[in-house]
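Copied from TrEMBL, the annotated features are:
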BINDING   H101, H103, E108, H147  Mn(2+) binding site
BINDING   H103, E108  oxalate binding site
DISULFID  C24-C39  disulfide bond
DOMAIN    53-199  domain 'Cupin type-1'
SIGNAL    1-18  signal peptide
Amino acid sequence: MIFPILFTFFLLLSSSNAAVQDFCVADLAAPEGPAGFSCKKPASVKVNDFVFSGLGIAGNTSNIIKAAVTPAFAAQFPGVNGLGISIARLDLAVGGVVPFHTHPGASEVLIVAEGTICAGFVASDNTPYLQTLEKGDIMVFPQGLLHFQVNGGEAPALAFASFGSASPGLQILDFALFKNDLATQLITQTTFLDAAQIKKLKGALGGTN
């Protein structure tokens, strides 16, 4: 009987400790650790730490994927550090794509503000879930699962993504495979792609053979 009581006590204690501080504005001068950034001293916290103005500016989509992501994560928006939330802006030019990627640290909710976006994710049993989203539509991408967004229309598309972490993390599958110095032969053996295609992708994404 004593163990459930102790467990409840420590659970309540940890919950109450979490609420002792109103916030933990990121100290960007300190390194980021597994638990996020260290907190600024309260005396050095300013109102601008809680305000981010970058999402009103369109991202530069003049790149190979014709897309741009403007993040407001803890590294750019110190006020969200420790709050378990963040947001980003997604701009997709015509033909733009955010390739298969994953956020190891958070689930994502995407809302389309303008245009048409084909989006989807692949579950751990390899079942794909795809949908064409129009203005006002929302889609959720569970934490850690591979997902993508493609402009499915004939005009630029705009969306905003919210995350359940101040630092959701990001790994793009194509970059993980081809924007590196792994030997082409090794990638051939592990992906079943032919060497010529791998060298072409490495060349396009900045990897070395």
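Residue 1 is the first one shown; counting continues down the chain.
Any Cβ shown, glycine's included, is placed from N, Cα and C.
From a predicted model like this one, the values you see are computed outputs, not experimental measurements.
Compute the center of the Cβ atoms of H101, H103, E108, H147, which mark the site for Mn(2+); besides them, the chain residues with Cβ within 8 Å of that center are T102, F121, F141, L145, L146, P168, L170. When the binding-site residues H101, H103, H147 are ranked by how far their Cα is from the Cα of C24 (disulfide bond), H103 comes first.
Within 10 Å of the Cβ of H103 (Mn(2+) binding site) there are 22 other Cβ atoms, across all protein chains. In this view, the densest Cβ surroundings among the binding-site residues H101, H147 belong to H147, judged by other Cβ atoms lying within 10 Å.
Each of the disulfide-bonded residues C24, C39 was assessed for Cβ neighbours inside 10 Å, and the highest tally belongs to C24. Counted within 10 Å of its Cβ, the other Cβ atoms near E108 (Mn(2+) binding site) come to 22, all protein chains included. A separation of roughly 24 Å, to the nearest angstrom, links the Cα atoms of H103 (Mn(2+) binding site) and C39 (disulfide bond).
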